[in-house]
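**Q** I'd like to ask you about the structure that follows.
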Amino acid sequence: MTEPTTLAAGAVELHLRARRDAGRGLLMPYLTGGVTPGWTDHLRAFAAAGADAIEIGLPFSDPTLDGVTIQQSSEVALARGASTRRILAGLSGLPDLGVPLVASTYYNLVLHDGPEAFCAALRRAGVDGLIVADLPVHEADELAEVAAGAGVELVLLASPVTPQDRLAEIAARSRGFVYAVSLMGTTGERAALAASAAELTGRIRQVTDRPVLLGFGISTPDQAREARRHADGVVVGAAVMRRVRDGAGPDDLRAYLTTLRQALDQECDPPP
Amino acid sequence: MRDARTWHPPAPPGGTMGEPGARGRFGDYGGRYAPESLVQACREVEEAFREAWRDPGFRGTLAGLLAEHAGRPTPLTPARRLSEALGVRLYLKREDLTHTGSHKINNVLGQALLATRMGRRRLIAETGAGQHGVATATAAALLGLDATVFMGERDIERQSLNVFRMRMLGAEVVPVTSGSRTLKDATSEAMRHWVGMTADSHYCIGSVIGPDPYPWMVKEFQRVIGDEARGQFAAELRTGVPDLVVACVGGGSNAAGTFAGFADTTARLVGVEAAGGAGAARGRVGVLHGCRSLFLQDGDGQIVEARSIAAGLDYPGVGPEHAHLRDLGRARYVTVTDEEAVGAAVRLARTEGIVPALESAHALAWVIRAAGGGELPAGSTVLMTLSGRGDKDVATFKELL
């Protein structure tokens, strides 16, 4: 693909492309912002474990695309008083972690102060990318334009049932990377990587060379290794949040993510 | 505000309650804000509905079910003694007399028939008080489909008889333990469940909410209320249409169906919300459960739990077309309190021999207040949709009275 988007790529995409092109399997762990008093320490642990980007959830009261684990972590964070403003203030106080930060949320929180103010606040907090679970490509115009103007990369999601022509549009309009949803379901741990993951990433590859990260149901080193055979990397959310719920501290999370890092490093054949 | 000297285009088609505009829009509201995994399923529902709604065969089958199973047409009852006391001419559209006791059956029979046409074998539904859940369980039994109904744990405790009724009809009732454990959370859980089941299941949304085409489709299936009433009024009154058309609004399906029959007339449209669940009167623009509309939110953009004595009005938002009608000024949205609603229910019981559902009692409470406050000129003709019967609320009445 020779589309000009590569030239215009932002911090997330440049960073991920450079690492991918160096043969590295990409790892993006997720944390619900504000879930514990010391939640920003978890982000440092993510970076220390070899994360290539970090996803920070801005919790919403009605997370319709999330399974039980992230629903609960959102409830816990909100009960602790977390809000977009407070979480972004927490991020502003962090030293540079050396990897791009990607916020993820639901569209109601973007609309609350309006896309302009929301994207400006992300940038001030050092957030480069944005995932909005309930904003499909055909509704994305309003935010995409504002985000691009503010220098925020709006990541779009692709699903196993997305038709091929729509997949091409998603891949062309997504910024940062393409988020491949591995299965027809909500976020959460699964026993095995879904068969639909390989088929979907294969179809995305036909239409873009943008980095492709697989998410939903990836939690074990074996699943990460298998996902790496199809995609450029993985997103790990519920498996992290379950550990946080069960009391894991930064060292525990670092140890867990290191096992995924090693699995991704072992499997370094480029995907077919 | 508007400058009277500048030209404004005439009200868009949404003002007369037709089909939504491009991308499922009613003005700025509506749309399909669904996770990518559900977009294809929404498209399939839209295509199937468009095709079915043009097909006289489908319309005929649905009309047959509505007549034979649901007991349509429902009567238009003049509320004689109450009218005399209020100084207006009040007519009640009797959705309480349908099978299962509320207007919910109109929509559910339509969607269940559509699901069959699409080859789906199972219906998924959310329910608050249980009326939509019971209607869904009923339609599923009638057409030989499976039904899975999501219901908040708190509502299950409050409405145990309806839970039993659904199970007796063969439906699976799944308790929802997340969030406030009420209708909003049951809706979220039904959507989550649908994501994994789109191949064989149809999500049968109970109100004029959700991603396109649901707000439009549910209104079309409820339009029978307004269309029937329009015909009945033409026969009843020399003027043909009432001065005022009033209905209660939770998500807003009985109001949408009623208004649809009169949007192109001179009748004034009034939607009555619960004071604790007033999405149209007090909500703010947002996106929830797949559509852009007006929702109750806190200062951080989190959705606030609605609170009403009428479980069917316990939704923290309003359907997108109502938000649009409000902006256009075509419909007005007002609120009444729990106490006013209970008082209105008792008054209807004692003057007309009808115990209304607490939801419907909200609409009546506003009529009583407006007539008493001089807002309704003497002799005004008023159509009020009596959306459901009060049997489900007898325990609540018993506690309060």
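Keep in mind that glycine also has a Cβ here, set from the backbone N, Cα and C atoms.
Keep in mind that TrEMBL annotations are predicted by a computer and have not been checked by a curator.
What you see is a predicted model, and the numbers here were worked out from it, not measured in a lab.
What TrEMBL records for A:GLU55, A:ASP66 is active site, proton acceptor.
Walk me through where these features lie, including what they touch and how far apart they are.
**A** The Cβ of A:GLU55 (active site, proton acceptor) has 25 neighbouring Cβ atoms from other residues within 10 Å, across all protein chains displayed.
Annotation note: A:ASP66 (active site, proton acceptor) sits in a coil segment as assigned by DSSP. Within 10 Å of the C-beta of A:ASP66 (active site, proton acceptor) we count 27 further C-beta atoms, all protein chains included.
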**Q** Between A:GLU55 (active site, proton acceptor) and A:ASP66 (active site, proton acceptor), how many Å separate their Cα atoms?
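**A** A Cα-Cα distance of 15 Å.
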